[in-house]
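Residues annotated as NAD(+) binding site in Swiss-Prot, with sequence analysis given as evidence: Gly10, Ser11, Gly12, Asn13, Ile14, Gly15, Asp34, Asn96, Ile119, Thr120, Asn121. Residues or ranges marked as substrate binding site in Swiss-Prot (evidence: sequence analysis): Arg83, Arg89, Asn121, Arg152. What Swiss-Prot records for His176 is active site, proton acceptor, and it gives sequence analysis as the kind of evidence.
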Amino acid sequence: MARKKIALVGSGNIGGTLAHLIGLKELGDVVMFDIAEGIPQGKGLDILESTPVEGVDCRYSGANDYSAIAGADVVIVTAGVPRKPGMSRDDLVGINLKVMAAVGEGIKKNCPGAFVICITNPLDVMVWALQHYSGVPANMIVGMAGVLDSARFRTFLCEEFNVSVEDVTAFVLGGHGDTMVPLVRYSTVAGIPLPDLVKMGWTTQEKLDQIVQRTRDGGAEIVNLLKTGSAYYAPAASGVAMAEAFLKDKKRVLPVATLVKGGTYGQPDDVFVGVPVVIGEGGVERIVEIELNAAEQAEFNKSADAVRGLVKVAKGLMG
């Protein structure tokens, strides 16, 4: 069986963590790309030298030329400028749009058949731009947002209930930003919905509301603590989970930023936004359209409209 090739475009904190995690899971050989000379080569060599200790057989290489990603099965894009304290994800549109143009051309030329996972912020509009520039089919490109946001939601719920992370399921829909929609009604502990846990006296609605808001602010909380950058361990773990679902045809149900066609989820037109999907060897194999109540639908529409607003800004910058 041919070895899988995973290309990481961007060799910063997330890129380096991705490379390490991919090796530990032996998902395939890794090529790290970056425009900064020496960085992908150095990180690649460092991680390669850890493989005898870990007992994993993965090959690592670093490059500054897009030709190195030729034939990749999966491309994970983290290239771009991260947030600093006081910035919103949306402040990065103009800078990172130019990065997506270059990355998209690199993918189109060298690995148009790859499954593409975008992690660059502002997430939803960057996925739209990357698909526009790369020409990758909509089912083969996704944004990493909901997996991370749901993981943060689950983390805070685990802390509140003092239970195992394995027993908490949570869904976050919508754009990756302040308008994201953590769905309390569809989130459970061992199959018990959160509203029932309130009735059982495990928590209060007020505490759940605080957890929902902390989830929305999860990225900013870490940015403000780090002061010099943004989160990378949890985003990398989330990206690897998505890549693994594709490479192993796991048919996992994961919330990702994907192309939601007009008419789906009550949307008037097409928009890249976070919804649950099934990821397998065909990429996004289907969208899971869960039933939303009026309040949830209104929140989701608000989130999707925020993404549309950013896409409009991006189109203006593209001329």
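The backbone N, Cα and C atoms fix where each Cβ goes, and this holds for glycine too.
Nearest to Arg89 (substrate binding site) in space, judged by Cα atoms and limited to the binding-site residues Gly12, Ile14, Asp34, Ile119, Asn121, is Asn121. Taken residue by residue with DSSP, Ile14 (NAD(+) binding site) is part of a helix. Between the listed recorded positions, namely Arg83, Arg89, Arg152, His176, the fewest other CB atoms within 10 angstroms of a CB are found at Arg83. Listed in sequence order, Asp34, Thr78, Pro82, Tyr232 are the same-chain residues at least 6 apart in sequence whose CB falls under 8 Å from the CB of Gly12 (NAD(+) binding site). Under the DSSP three-state reduction, Arg89 (substrate binding site) is assigned to helix.
Arg83 (substrate binding site) has its Cα within 10 Å of the Cα of none of the recorded positions Gly10, Ile14, Ile119, His176. Taking the centroid of the Cβ atoms of Arg83, Arg89, Asn121, Arg152 as the substrate site, the other same-chain residues with Cβ within 8 Å of it are Pro122, Leu123, His176, Gly177, Gly219, Ala220, Val223, Ser230, Ala231.
Other Cβ atoms within 10 Å of the Cβ of Gly10 (NAD(+) binding site) number 25 in total over all chains.
In this structure, the C-alpha atom of Arg152 (substrate binding site) lies 17 angstrom from that of Asn121 (NAD(+) binding site).
Of the listed binding-site residues Ile14, Asp34, Ile119, Asn121, the Cβ environment within 10 Å is emptiest of other Cβ atoms at Asp34.
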